[in-house]
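To keep things clear, I will list the structure first and then write my remarks on it.
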Amino acid sequence: MINVLVAGFKGSMGNKTIHMVANNDKFKLAGVYNPVVTEKNVNEVAEFSDLDAPVYTDYEQIPVNDIDVWIDFTIPSAVYQNVKFALENKISVVVGTTGLKDEQIVELKEIAAKNGIGGLIAPNFGISAVLLMQFAKQAAKYMPDVEIIEMHHDNKLDAPSGTAINTAKLIAEVREEHQQGNPEETESLDGARGANYEGMHIHSVRLPGYVAHEQVLFGSKGEALTIRQDSFDRESFMTGVALAVEKIGDYNELMVGLENLL
């Protein structure tokens, strides 16, 4: 039995994760963490009324020796300290929160390696999204002119999405940086061409009704290729989260990307 703590249990992904953990025979919901709530037990929240797990509002309350895996679906401003705390206390981490900076990830990897603890930071837990990133990396070897469009619900706090950034990073591994478009082009409206990552443009859309979607557009002389992925329900991410929780204890390093476990 894997004892799991969920941080960010009141968010959309945290909500789904609580139910996934509670309904998985291999996992035990050992607690939840949120520093700004008043509840003492998850069963005080209507949608979790049939569950029983303590709510921790301070790191000092958490029985670190009784927690095997820390799942984090919080907010960009909180995730670094959460993951640092877990790794320093030799708790494996499964992180879906976006917003970690490259230098923070480097530091967290060092902590994980020092303590021999496994961890996963996944920009996306959807299998289709992982496949999109791998397909895009392969395509970029032959079609290096590329732009990325990511589309999410209008409550998402960060832009571009972690999935889009990771897609760009994977493409950059096989593609030499070069200027796309007309070198003399100008923007009549600031930001019209989107964000720029090593010569690739990334465009972010935020609209109600969307969940998580991405398109990677490749162009070459006389042809074009579009790779698209759609997540219509957050339930689609739970297969990847469960896989990560089950496997992460077998590792002694912090990794980025669900593909490392597949």
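Backbone N, Cα and C atoms are what each Cβ position is placed from, and that goes for glycine too.
Per Swiss-Prot, the features are:
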BINDING   Gly8, Phe9, Lys10, Gly11, Ser12, Met13, Gly96, Thr97, Thr98, Ala122, Pro123, Asn124, Phe125  NAD(+) binding site
ACT_SITE  His152  active site, proton donor/acceptor
BINDING   His153, Gly162, Thr163  (S)-2,3,4,5-tetrahydrodipicolinate binding site
ACT_SITE  Lys156  active site, proton donor
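The Cβ of Pro123 (NAD(+) binding site) has Thr98, Ala129, Ser161, Gly162, Thr163, Ile165, Asn166, Val256, Gly257 as same-chain neighbours under 8 Å, each 6 or more residues away in sequence.
Considering only the binding-site residues Lys10, Ser12, Phe125, the residue whose Cα is spatially closest to the Cα of the residue listed as 'active site, proton donor' is Ser12. Within 10 Å of His153 ((S)-2,3,4,5-tetrahydrodipicolinate binding site), counting CA to CA, the binding-site residues Gly8, Lys10, Gly96, Phe125 contribute nothing.
Every protein chain shown contributes to the tally, and the Cβ of Gly8 (NAD(+) binding site) ends up with 24 other Cβ atoms within 10 Å. The full span of the recorded NAD(+) binding residues, Gly8, Phe9, Lys10, Gly11, Ser12, Met13, Gly96, Thr97, Thr98, Ala122, Pro123, Asn124, Phe125, taken as their largest Cα to Cα distance, is 20 Å. Taking the Cβ of His153 ((S)-2,3,4,5-tetrahydrodipicolinate binding site) as centre and 10 Å as the limit, one finds 15 other Cβ atoms among all the protein chains shown. With a cut-off of 8 Å between CB atoms and residues at least 6 apart in sequence, the same chain places Met13, Ile71, Asp72, Phe73, Ala122, Phe125, Phe237, Val241 near Gly96 (NAD(+) binding site), listed in sequence order. Within 8 Å of the centroid of the Cβ atoms of His153, Gly162, Thr163, where the record puts (S)-2,3,4,5-tetrahydrodipicolinate, the same chain has further Cβ atoms from Thr98, Pro123, Asn124, Glu150, His152, Lys156, Ser161, Ala164, Ala212.
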